[in-house]
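Asks: Below you will find the structure I want to go over with you.
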Ligand SMILES: *Cc1c(COP(=O)(O)O)cnc(C)c1O
């Protein structure tokens, strides 16, 4: 069987054509922070599988719980039935997040759909029809239709799906930088809310770091001020913590950089440390009570694989593993290393900005034509990274060794030096 031929003929890859016009590498196995390719090469993983493998791959205890749960009960419908793995996970999440009411679902995007639905039902329960959402420019909230409709209209797939997407309102994003000023963004928010608040169900944001829409870090105080304005107009505040959750920004959840709590959070990605798909929407008792005690009564959503016991067990073990070591110190060390070692790139012509927060190191370029060159260079030099557009970034597992992290960063620096030469030639 020539499986690469099959891949080429039959398999779609993310955001790609069929067959892919860009290289696809074949992976045989993984171990902690290493990816073993079929051709024998070994890559240090600088992506942690799109923010998910926070504890690296093939964690022994996660594997053990997966095996045990698979033998006992891989799945059971959640309609009218319950089980210990789900209850334990709810308990873990309640303790970890400080929220009360937990909806377990298939993935990040689906948790965003559930969050949007919850906000609509909350207002309906109070006798109001509010069908518009507010989101930030540069936002990314997922690939399903509802989630897409709150992604930045210019920086996303909006143009492809056109009028099929719901019309939502986008506000200025706060300036870049953890300590940066955010007055303009706040004014824009206030203005747009003043005008449209009667139609707006919720304001959805990625707290502190905007991910796929630009890898932008901003001031947490913006969120505190935004909360005040939302409260004034009885608009729910949703934090999409799918990327930022489980420690990526140096706090367990990014909202913990602030002194406020949103009304709803969505989580996913790191929840099973990259082992299996799972997402969750969490909200307050007040909000779940408003819906449940109204004539609406029910949160109308219920996927086939809701609260899948395998996924729940894995998530429970992953959370236990995360809490079993000083992850915070490790994440802050990673941040310091990224910040220190990427700094040499700031003066390069092709580089617009370098920045870091938690386990994320970011190089923003002045040109978007180099992504494939950068990736090829990294693979040739034993590192897995997936730059997109002008963004060349790394998100590493908290279990990465010093040596492996050095290798990731050194390779990023070398790769940028390579393209910088080309860029200078282009400028001339
Ligand atoms: C990845 C991501 C999503 C979508 O999650 P999926 O599990 O890929 O559906 C939503 N919001 C943010 C902020 C993300 O980073």
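Note that Cβ sites are derived from N, Cα and C of the backbone, with glycine treated the same way.
Copying in the features that TrEMBL gives for the protein in this structure:
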type    : residues                : note
BINDING : 50, 140, 269, 302, 386  : substrate binding site
BINDING : 108, 109, 240, 303, 304 : pyridoxal 5'-phosphate binding site
MOD_RES : 269                     : N6-(pyridoxal phosphate)lysine
Asks: How many other Cβ atoms sit within 10 Å of the Cβ of residue 108 (pyridoxal 5'-phosphate binding site)?
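Replies: Summing over all protein chains shown, residue 108 (pyridoxal 5'-phosphate binding site) has 30 other Cβ atoms within 10 Å.
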Asks: Taking the binding-site residues one at a time (50, 140), which has its Cβ surrounded by the most other Cβ atoms within 10 Å?
Replies: 140
Asks: Please check the binding-site residues 108, 240, 302, 386 against ligand 1 and give me the ones with CB under 6 A, sequence order.
Replies: 108, 240
Asks: Hey, what's the widest CA-to-CA gap across 108, 109, 240, 303, 304, the pyridoxal 5'-phosphate contacts in the record, in Å?
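Replies: Those residues reach a largest Cα separation of 23 Å.
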Asks: Which binding-site residues from the set 140, 269, 302, 386 come within 10 angstroms of residue 240 (pyridoxal 5'-phosphate binding site), judged by C-alpha positions?
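Replies: Matched binding-site residues: 140, sequence order.
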Asks: Would you identify which of the binding-site residues 269, 386 has the most other C-beta atoms lying within 10 angstroms of its C-beta?
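Replies: Of 269, 386, the one with the most crowded Cβ is 269.
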Asks: In the structure shown, with every protein chain counted, which of the binding-site residues 302, 303 has the densest set of Cβ atoms within 10 angstroms of its Cβ?
Replies: 303
Asks: Which one of these binding-site residues, 109, 240, 304, has the sparsest Cβ neighbourhood, judged by other Cβ atoms within 10 angstroms?
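Replies: Comparing Cβ neighbours within 10 Å for the binding-site residues 109, 240, 304, 304 has the fewest.
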Asks: If you measure from the Cα of residue 108 (pyridoxal 5'-phosphate binding site), which of the binding-site residues 50, 140, 269, 302, 386 is the nearest?
Replies: 269
Asks: Taking DSSP three-state, what's residue 108 (pyridoxal 5'-phosphate binding site) in: helix, strand or coil?
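Replies: For residue 108 (pyridoxal 5'-phosphate binding site) - judged by DSSP and reduced to three states - the answer is helix.
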Asks: So how far apart do the substrate binders 50, 140, 269, 302, 386 get, largest Cα to Cα in Å?
Replies: 34
Asks: Can you give me the Cα-Cα distance between residue 302 (substrate binding site) and residue 109 (pyridoxal 5'-phosphate binding site) in Å, rounded to a whole number?
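Replies: Roughly 14 Å, rounded to the nearest whole number.
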Asks: Give the helix, strand or coil assignment DSSP yields for residue 269 (substrate binding site).
Replies: helix
Asks: Return the member of 109, 303, 304 nearest to residue 269 (substrate binding site) in space, with distance defined Cα to Cα and candidates limited to these binding-site residues.
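Replies: Result for residue 269 (substrate binding site): the nearest of the binding-site residues is 109.
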Asks: Specify the secondary structure state of residue 50 (substrate binding site) as given by DSSP, simplified to three classes.
Replies: helix
